[in-house]
Amino acid sequence: MQKLLKPRGTQDILPQDQKYRDFIWKIFEKKMVLQGFEKIETPIFERAEVFARPIGENSDIVQKQMFEVSRLGSSKNDNEEKLVLRPDYTAGIIRSYLETGFSGAPQPFKLYYAGPLFRYERPQKGRQRQFTQFGFEVIGDSASATDALTIYTVWDILKSLKILKLCSIEINTVGCELCKPDISEKLQNFFNSFKKMLCGDCKKRINNNNPLRILDCKEKTCQKIASSSPDIIDMVCENCKTHFSETLEFLDELNVSYDLNPKLVRGLDYYTRTTFEVVIKNVKERQSSLAGGGRYDRLAKTLGGKKTSAIGMSFGVERIIEFLKENNIDAPETSKPQVMLIQLGPKARKKTLKLMTELIKKGIKSFIAPGKESLKSQLHLADKKKIRFVLIVGEREVFDKSVIVKDMERNSQESINDGRLINKLKSKIKN
Ligand SMILES: [Zn+2]
Ligand SMILES: [Zn+2]
């Protein structure tokens, strides 16, 4: 039979890559717990409306990139509610926040999450159809200090990941509910005069009255035109201006380095006020960002809740892993066995099995291959798996109650009595 392959735009996350995920996750989770965040998980699929309303009916994500979920073989029924794989985490979290009544709980409500998202895109470097995000949301708080603390947390995590110096945190404000329509109109007028030169997508953006998106277009001509467009910061209302300058003041106070990018918008309609993105420094072409986020004070309303101030951010896990590897930043080994047990003969097998259970009880990571018979094949396996200590048990070791401990790195070995084995091993592992 023909071998089946994984779908386009997906990846198997193999054992050798797990250490990078663990590395990022441990740092991320620690920072979350230290700041009083609590973990939430929401369904991988939701009603399409959950995303269409806040992200924007005319956005690329909603128009072209959502995977529909339906029962295999079911006939299309237009009245049926459409379900989709989540292309975004935040909208689902706010749906849950409103549905479960957390909006009545003391605020701010601080949540963190981790999981896969799905977008139907052309797969390329740093962009897959299934990808993972680690992120957090602070719901029910409008203070500019919260914006600063959010960006500080991103900065702090990048520092712990040892990639801060290679990255730049770009910040902008995109205005609030009150001034965004005005900004939109001014940009619409500006881009309208260049309409003929814009790419097909951007022409549509003008027709859909969504000129902010043009600032985000990757086409060279569009970027060139956008670079001479009026800066958003000069068009926002006084309240937004104050909120933004306070945010920057707090960041200076916290010694967080950032770069202002007056053209930064993010590809989702729900953002208001502070937006930010973590990009790689000194690259010719702008690549997909490692992390990003912003304030979204209007989102809850689009999902039928009352106006709720909130801000959040997320890390693109695969993108960061790729970046760590490109820069030869290694993640600590977490799952490698410390000890391998080698048995020679049936009596020895019995003894090594018993020994294995004792080792794992004492927290020593152990590996055994009971199906292998010869010393050579078992040593070969230990070598392949880069296991440092090998415990060899033959008929003789069964008889005189001992074990041969071989240090594969130092190429030395000694015979140790059963009674002293565990303590001896523990001190060897430490050195
Ligand atoms: Zn405003
Ligand atoms: Zn364009």
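Heads up, the Cβ atoms here are built off N, Cα and C, so glycines get one too.
Keep in mind that TrEMBL annotations are predicted by a computer and have not been checked by a curator.
Between the candidates Arg47, Arg71, Arg119, TrEMBL assigns the L-histidine site shared with Asp88, Tyr89, Thr90, Gln133, Glu137, Arg266, Tyr270, Tyr271 to Arg119. Here the Cβ of Arg266 (L-histidine binding site) has 21 other Cβ atoms within 10 Å, regardless of which shown protein chain they belong to. Counted over every protein chain shown, other Cβ atoms within 10 Å are most numerous around Thr90 among the binding-site residues Thr90, Gln133. Cβ contacts within 10 Å of Tyr271 (L-histidine binding site), excluding its own Cβ and spanning all protein chains shown: 27. Per the record's binding annotation for L-histidine, residues Asp88, Tyr89, Thr90, Arg119, Gln133, Glu137, Arg266, Tyr270, Tyr271 show a top Cα-Cα distance of 21 Å. Computed over the domain 'Aminoacyl-transfer RNA synthetases class-II family profile' (1-332), the whole-number mean pLDDT of the model equals 93.
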